[in-house]
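One structure is given below, represented as structure tokens, and several questions about it will come after.
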């Protein structure tokens, strides 16, 4: 939300700042499989500890980059933080299955996704407030240092909390489906064979592509376009990003509760996908009208459905792929999201630079339409529900 300020402070291009975001996507792709294997072999606690530790280390490294010529140090800190995300992103559906019964598993997953989005929301709200758009480099470095110190302090506190609070699993399995997995002899399970079974599951492959298209469009949403169309509105650009995330957190919670009540995975996923497309179209055509309040409204609708889709994808994947590990299935969904996210972020940036912001957003709309059509072809093979029954 303040990429223009960082471009000026470090004297780098908008693409260089975009790579601070895309580094998260890039590191995820090659590291998913070893970390999903580690999750299977060593369990949730070691994953949570490593992820939170790396996040704290990366945050402290960034404090060494408070001079305009030290941009590579910020990149290093960002890459370390991006490594932590590989550990954390696949955890929501796994935590939900290990700790919660069949009547609350989707709600638990949506709350975990809610927590992840809460951090992103703070990331939109706080930087424009802490780092004003001032000309003096020394003053700018001072404001950036405050933001970096706060981030490092919070990340360290979270690591300490994980050390003290986080437990591996409950004493007794919370559902019949989880009990059946735990009763399976260890020697019967092969991680490589599990991956191959997932990649032969046609319904899961369709979901993987459609999830990637939706989440990739979400990652590619650029708040640079708000600043371009509304010069000097950096704070409001951050607030628009915050609006998308906050409304999305509500959408994620509602979709999780709805799934636990109705078990209508296919129907709910399709409706939310259609509404994501509608929201994106509305956002595209109202962005340039000159009324910021309209942008806030359409951004809120877009976020409600687009972020609300994330836990739906995790839970639908867990149903389609049971008894395979939820960490692996959600990890593959996230790999798809990172690949499409990188492609869409670069492509949309180029389209915006050479044509217009509206053309960049229409580019995303076309892929959301494709994802909607593909979602209609997924069959609701709810294997985990059958195991619980």
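Heads up, the Cβ atoms here are built off N, Cα and C, so glycines get one too.
TrEMBL labels come from automatic prediction, so no person has curated them.
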If TrEMBL is the reference, give me the range from 142-166, 167-191 marked as transmembrane segment.
142-166
Are there residues at least 6 beyond the ends of the transmembrane segment (69-90) whose Cβ is under 8 Å from a Cβ of it, and what are they?
10-12, 16, 19-20, 23-24, 26-28, 31-32, 35-36, 39, 47-48, 50-55, 57-62, 116, 327-328, 330-331, 334
What parts of the chain pack near the transmembrane segment (292-310), using Cβ distances under 8 Å and only residues at least 6 beyond its ends?
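For the transmembrane segment (292-310), the nonlocal Cβ contacts are 113, 117, 211, 214-215, 217-218, 226, 230, 233, 236, 239-240, 243-252, 254-255, 269, 272-273, 275-276, 278-280, 282-283, 286.
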Can you name the far-off residues of the same chain, 6+ from the ends of the transmembrane segment (20-39), with a Cβ under 8 Å from a Cβ of it?
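Same-chain contacts beyond the ends: 6, 46-47, 74-75, 78-79, 81-83, 85-87, 89-91, 94, 191, 195, 219, 325, 327-328, 331-332, 334-335, 337-339, 341-342, 345-346.
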